[in-house]
Every structure is written in C-alpha cells, then in structure tokens.
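Chemist: Below are the structure tokens for one structure; questions will follow.
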Amino acid sequence: MKYPGVELIFDHVGHFGRFQVFIYFICAFQNMSCGIHYMGSMILVVAPEHACKPPGNVSKFVVHNTSVAKLEDVWALMSPDHKEHITAELQNGEVWDLSRCGRVRRDSPLHAANSGSEPHFPCSDGYVYDQRQWKSTVVTKWNLICDQKLFAKLIQPIFMFGVLLGAIIFGYFSDKKGRQVVLWFTSTGIFLFGILSTFTFDYYIFMIARFFLAMVTSGYLVVGFVYVTEFVGRKSRTWTSMNMNSFFVFGLIVVAFTGYFVKTWWLYQVILSSVTFPFILYCWVLPESPFWLISEGRYKEAQQLIDVMAHWNGTSRCDLCEVLSLDLSAPVGSKSAATKKPNILDLFYSWKVTSGTLTIWLVWFTVSFGFYSLSMKPIHSGDSVYINLFLVAVLEIPGYIFTSVLINKVGRRIGQAFCLFCIALFCTIIIAIPQRYYFGVIAATIFARFFIGSTFGLVYLYTAELYPTVVRSLAMGTSNMVCRVGSILAPVALYLSSTWIFMPQLSLGILSFLGGVFSMTLPETNRKPLATTWEEMALLESEHQSTSSKAVPTANEPGVENTEVVKLEDSGLGE
C-alpha cells in the first residue's frame, strides 16, 4: 500500500480556512494558560521581608534609633539587605530584639546597646511579614522561611520536574493514542489541578497538585503545538506556528497585570486558573488530527473529517481515495506491516537522525538556559518585578514576527543558526563592554533576549517539521524534557555569577555558538510538506539526496515486525 502525502489534502480544502482558524484560536487561547502557570509559580514563592513575631502587644518599634508605632512603618526604615534587627517594646515594659529567625529578650533599656549575653529564643509565636508588595504568598501561608525555607525552594524545581515528565509522557501517549484525547485530558487537568492547588490547606497536597499541574500544562503545550501544526497547510504554517508562542507570551502579560493589582496569592491563583475554563467548554468539539488518523489507518474517519473541513472552508469535496490513493474499504486501524509503535529509540536509529536529534536538543537546552538565566533575571529585582516581567514578555512578540519573516526568506536552518550566532555575539559584547557603560550593557542584553525569544519560537516549529507524524509528539516531548533540564541548571549559572559576574553570559555564548554551528548540518524544511511516516520523509529527502533512503529504518531492520519492505511511489510531495 502506498503511504500518502497528507499535505496534498490542504491543496484541496485550503491551507488556513475557516475550519483551521477556529481550531487555531481555540488551541492558541489555551496556550495562554500554559504561559500563566509556567510563570505564575515564580511569583507564588516570593519571600517578603520578615521578622520574628514579638511575644505580646507592642507599644512601639525602634529601628536606627527611630521610634514608630506601626509595624508597616518599620519596613520602610530597614536597609535592603535587612541585616539589622528590630527592637520592640511591649506594653508590659519588656524589650525584645527581633531578627529574621530569632528573638532576644533584653535586660537593658530600650535605647541602650545590647550586651550580647542575653539568651536567644525561637520564633514560637510565628513571624511578621512586610505586606507592602504582597499581602500573602505561599511562603507566608506556611511560614516557609528560616529552618523551613528548603520547602519553599523545592516548589519551583518540583514544578519544573513535573514539566519535564509531562512533556515526554504526554508526547508519547499523543503518538500512541491520538492528539484529541491528550488535549481533553490535559486541558481538564490544568483547570482542576490549578483550583486544587489554590484551596488546599496542606503544603504536601499543594506540592502534589502543583506537580500534576506542571505535567498537564507541559503535556498540552507540546501536543497542542503539534496538533495545530498538523491542521495548517505549509503555505500558512510558519506564521501560525510561530505566533502560537505569542499567546504563551500573552499569558506572561496576564500574570504581570494580575500580580500588579492582586496581592493575595490564593485570589491571584484563582483568577489565573479561571482563564482555562472557557477552553474546557470548547475542547470537546476538537476533532482528531488528520495526520494521526491516516498514520493509524483510520481512513474512513479521516475522510469524514476532511469532508467537514471542506464544508467549513467552502471548497469542493476532497476524495482521499483519489488524492492519496487510499483504500477506504480497509479495516479500521489497518496499517502497513512496516509501521511500528513510537519508540524513543526511533530518534537514534541512524547516525544522521541521531546527529539531528542531539543538535535539536542542544538548541532547546540553550534557549531555555538563556531564557531563565538571562531573560528572567529581572524577576529577582525590587519593586518593579511586574513591570520587568511585562517588558520581558512584550519583547518576545517582535522576536516572533522578525523570525517569521526571516525563516520564510532564508529557511529554518540558516534562520536558526543566525539567531544562535547573534545570541553568542551579544553575550560576548556584554562581557567585553566595561560595566561603567551601563546603557551599552542594557542594550546588548535586550538584543540577546530578543534573539533568545526568536530562537525559542523557531525551534518549536523546526522540531515539528523535522520528524514524521508517527514520532512527532514524542520528538517534541523529549525536546521539551531537555529544555526543562536547561531551566533547572540555569540557577547554577546565576549562583556561579557570585564568583564571576559574567558566568551566565559566557556559558550561554558558548552553547549558542555550538548550537549555531551544528544547526547548519540539519536538513531544510521550509515550504516542504509534513511527513506522515519515516518512508515519506525518505521520499522527501531523496529529492535532494539520492542516498538519504539508506538512513530510514526499513522492515528489514531490527524492531520492525514484518520483513516486507514497503515500496513508495512519488505522489507529488515537495512540489
């Protein structure tokens, strides 16, 4: 049986008609929720300034020999590093020195110097927090400070670990069970686990809910991108796929605005989680991907879906029997004997494919490492945290527009290499410019962030185009897994910056340069149709390289159940 070129369908029913527009904006809207939860967790774990709570009613506080009656006025007098203690005089006359994680009862008068010999007491009455920026956070809810601060530090790494697992697990099940069921499951999970993490009264239940929230969010982000890519024809794929990431950025903007106006963490989380609810109302009408249906041999269902697409788009009916030489009378689920179940080893079955997979993984690792070590550094700065987040997010959108124009002109391979080389260049400039030229450093940093965002959007599209339908979601899932490793290791570079301030830029520059060099070895996919199977991919590559078919697993290779080799006929792909 011939393996069809599914891209031919779009030449008949339209590359981006009303049906695809409907599918696209529903899925893109949910991408916004993914951006919300990815960045929302970074705001939840903020630890405000704090001090040990005094053991009674306070008549006045003293900081730097200045007396104030209200605790709110104390924080304005503190230095940024909060190294000094707060002295509190109780209504019963007792005087206490309050530090971040302890308190001392003084025998000396209020304004006298502390002798240093007084006994120290633990904060058995709890803590008081600076509420000028945040009325409450997860840290203040469970007092995750001092000897409990490790529990606060675990929130973000465990969330990222859930993102890592979710990408590969749901990517695998998407290739095995279909895109539709994974989208249903992950979308419902995003809403339910988001709400559960808000109204739990136990830290451990909160962590479990956040872990599963990370898994389903990551799963949707991977599978949703593949799903949209498989519904849009090659003539419109660049712009639509690249701008799927713009909706992720809109999620960051929603986080910035919500965090700026809402200072209570549970209300903040409820508002952000509710963004998912409209998608749940519509996700049940999403059909299965035509690429996946045909790759699974479910030709009658594929024909019904194509008929609906043609009706919505106002085009003539597309007969799969004629266009793709399919046998619609074949049993449901019948596939070629040479088709095997998706396996991660498929990404390494030959040197050529292994080289491509490792190169793509390097690029994913690099842009994630750069995003979290360089782009997100402003998150840790003072009062302008939400403004910084907004500016970082807005900077991503022109990057996607620029890259869309660039890769349509020069192709995916050269476009990706160019962006990576630019990241390396501007990291070098940041290191070379003397720190006294502040605005020069800021300008170079902005350009580096610009190209990081551009590469992030491009590598999503490039990865989806490099692999056939049978392993496309798995390839995206494993790539996202490597991406999360980069985000987990990014804090290490930030930590090493205390040894040498330019360690993050040096690491990112080296990785970007290597990624750019190896990207030049990847095949070009611009304006080429998506392949459904490995055999179709060999057919496409054979138009440019006659020996490329040797790199494709055939039925005679280990792991393929039937030894009958499927012969392909050129069905016009790549024209």
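Heads up, the Cβ atoms here are built off N, Cα and C, so glycines get one too.
Reproduced below are the annotations present in TrEMBL:
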DOMAIN    111-527  domain 'Major facilitator superfamily (MFS) profile'
TRANSMEM  154-174  transmembrane segment
TRANSMEM  181-201  transmembrane segment
TRANSMEM  207-228  transmembrane segment
TRANSMEM  240-260  transmembrane segment
TRANSMEM  266-285  transmembrane segment
TRANSMEM  349-373  transmembrane segment
TRANSMEM  385-407  transmembrane segment
TRANSMEM  414-433  transmembrane segment
TRANSMEM  439-462  transmembrane segment
TRANSMEM  474-496  transmembrane segment
REGION    541-575  region 'Disordered'
COMPBIAS  564-575  compositional bias 'Basic and acidic residues'
Chemist: Given the transmembrane segment (385-407), which of the listed stretches 181-201, 207-228, 240-260, 414-433, 439-462 has the most Cβ pairs that are under 8 Å apart from it?
Modeler: 240-260
Chemist: Which range out of 154-174, 266-285, 414-433, 439-462 gives the transmembrane segment (181-201) the most CB pairs under 8 Å?
Modeler: 266-285
Chemist: Mind pulling out the one from 154-174, 207-228, 240-260, 414-433, 439-462 with the most Cβ pairs under 8 angstroms to the transmembrane segment (266-285)?
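Modeler: Checked against 154-174, 207-228, 240-260, 414-433, 439-462; highest Cβ contact count belongs to 240-260.
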Chemist: Please give the sequence-distant neighbours of the transmembrane segment (439-462): residues at least 6 beyond its ends with Cβ less than 8 Å from one of its Cβ atoms.
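Modeler: For the transmembrane segment (439-462), the nonlocal Cβ contacts are 225, 229, 237-238, 241-242, 244-245, 360, 363-364, 366-368, 370-371, 374-375, 392, 395-396, 398-400, 402-403, 406-407, 412, 415-416, 419-420, 422-423, 426-427, 429-430, 433, 476, 479, 505, 508, 522, 525.
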